[in-house]
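Right, one structure below, let's go through it.
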Amino acid sequence: MRILKSHPLLKIVNSYIIDSPQPANLSYLWNFGSLLALCLGIQIVTGVTLAMHYTPSVSEAFNSVEHIMRDVNNGWLVRYLHSNTASAFFFLVYLHIGRGLYYGSYKTPRTLTWAIGTVILIVMMATAFLGYVLPYGQMSLWGATVITNLMSAIPWIGQDIVEFIWGGFSVNNATLNRFFALHFLLPFVLAALALMHLIAMHDTVGSGNPLGISANYDRLPFAPYFIFKDLITIFIFFIVLSIFVFFMPNALGDSENYVMANPMQTPPAIVPEWYLLPFYAILRSIPNKLLGVIAMFAAILALMVMPITDLSKLRGVQFRPLSKVVFYIFVANFLILMQIGAKHVETPFIEFGQISTIIYFAYFFVIVPVVSLIENTLVELGTKKNF
């Protein structure tokens with residue numbers, strides 16, 4: 001017997017990435033898992049390297065980043081890889097979630113996998129926010145001040161929580177130290193969650209497929225077929241990432257963060273990184289501070305209710321015309337929210353933001369269940385007519 005199948009550790013690896021039987025009809029939309037694992041690997045390696053040269057201090061943080069850029073061998077490359085792979089990570093995660101919503105990956109028996117995936121998204125957002133504060137430019141300082149201040153919306157204990165997070169009465173050395181410690185820790189938590197995500201998927205029925213039906217009658221081993229298929233998208237990913245890192249490394253960043261943090265001067269507009277903009281737009285679209293914070297967190301957790309609100313008898317929207325139209329409206333609405341999150345709080349962006357927020361929540365709690373019931377009824381009527 002081969003050592004791969006007899007060794008206690010290697011046989012686990014073998015069962016997951018070598019002999020694992022995958023549906024033969026998987027499209028390239030099922031390649032995001034390997035790309036996201038690659039992104040996480042790049043982030044951990046570049047992050048640990050950056051941590052060796054970074055100083056989490058109000059007076060030295062900005063200078064230590066400049067030191068990495070100017071004095072450390074290939075420090076500029078490590079930093080730009082880290083910042084641009086973060087954007088790639090979120091871009092691929094949103095595509096991964098979109099594919100899951102389109103093909104009904106949240107339905108039984110993959111509900112646990114979907115729930116763990118939602119937790120991964122929340123941890124990713126927390127990690128990204130903590131990391132954005134560390135260079136300690138203008139946007140870092142004011143972004144940290146604005147986002148941590150959201151906790152003050154909690155009745156009675158809000159302000160105490162904010163000061164507990166800061167470790168003082170404003171963003172200071174203690175804040176940077178704890179943000180750095182947590183930013184260093186959370187990627188390893190992410191890796192553990194990703195492993196749980198994989199185990200939850202493999203220990204139920206494995207990957208879904210574009211048809212949304214059982215693929216037990218036609219499967220192929222993961223190696224060499226799907227490893228080669230994954231390698232194709234990995235090479236494309238490296239080409240695109242290299243274009244950003246070498247030719248436009250700051251295209252997805254904010255120029256304000258190249259100005260050293262100054263608590264006495266507020267930047268013209270305080271906006272987070274592009275991948276957090278839709279949720280920032282939802283936060284700003286509700287005038288009440290507490291309700292805005294609740295809505296922002298609810299917007300992420302809304303993904304958790306999809307297994308409950310989708311009442312369709314079919315998995316996915318690929319064979320459901322009404323749901324397909326509604327899904328594409330939801331995607332367009334999400335992109336509109338992303339644009340509005342970057343705009344100033346003024347007319348007409350306030351009104352557009354409020355309309356888009358209503359559409360966003362309506363999709364999960366109203367539109368999906370209503371449309372799926374209509375489609376179920378039409379299918380049943382059609383079936384009775386044929387028989």
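For all residues, glycine too, the Cβ spot is worked out from N, Cα and C.
The following features are taken from Swiss-Prot:
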BINDING   H82, H183  heme b b562 binding site
BINDING   H96, H197  heme b b566 binding site
BINDING   H202  ubiquinone binding site
TRANSMEM  32-52  transmembrane segment
TRANSMEM  76-98  transmembrane segment
TRANSMEM  113-133  transmembrane segment
TRANSMEM  179-199  transmembrane segment
TRANSMEM  226-246  transmembrane segment
TRANSMEM  290-310  transmembrane segment
TRANSMEM  322-342  transmembrane segment
TRANSMEM  349-369  transmembrane segment
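Swiss-Prot feature annotations superimposed on the structure.
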residue: H82; record: heme b b562 binding site; DSSP (3 states): helix
residue: H96; record: heme b b566 binding site; DSSP (3 states): helix
residue: H183; record: heme b b562 binding site; DSSP (3 states): helix
residue: H197; record: heme b b566 binding site; DSSP (3 states): helix
residue: H202; record: ubiquinone binding site; DSSP (3 states): helix
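The list of residues near the transmembrane segment (290-310) in space but at least 6 beyond its ends in sequence, with Cβ under 8 angstroms from a Cβ of it, reads 97, 101, 104, 106-108, 111, 114-115, 118, 121-122, 125, 150, 153-155, 278-280, 282-284, 357, 360-361, 364-365, 368-369, 372.
Between the transmembrane segment (32-52) and the stretches 76-98, 179-199, 349-369, it is 76-98 that has the most C-beta pairs under 8 angstroms.
Here the binding-site residues are H197, H202, and the one ringed by the most other CB atoms within 10 angstroms is H197.
Same-chain neighbours of the transmembrane segment (226-246): 17, 22, 26, 28, 31, 34-35, 38, 77, 80-81, 84-85, 87-88, 220, 252, counting only residues six or more beyond its ends whose CB sits under 8 Å from a CB of the stretch.
Of the candidate binding-site residues, H82, H96, H183, the one lying closest to H202 (ubiquinone binding site) when CA atoms are compared is H96.
The distance from the Cα of H197 (heme b b566 binding site) to the Cα of H183 (heme b b562 binding site) comes to 21 Å. H96 (heme b b566 binding site) is 23 Å away from H183 (heme b b562 binding site) when you measure Cα to Cα. A C-beta separation below 8 Å, combined with a sequence spacing of at least six in one chain, links H82 (heme b b562 binding site) to I42, Q43, T46, G47, L50. Neighbours of H183 (heme b b562 binding site), defined as other CB atoms within 10 A of its CB across all chains, total 21.
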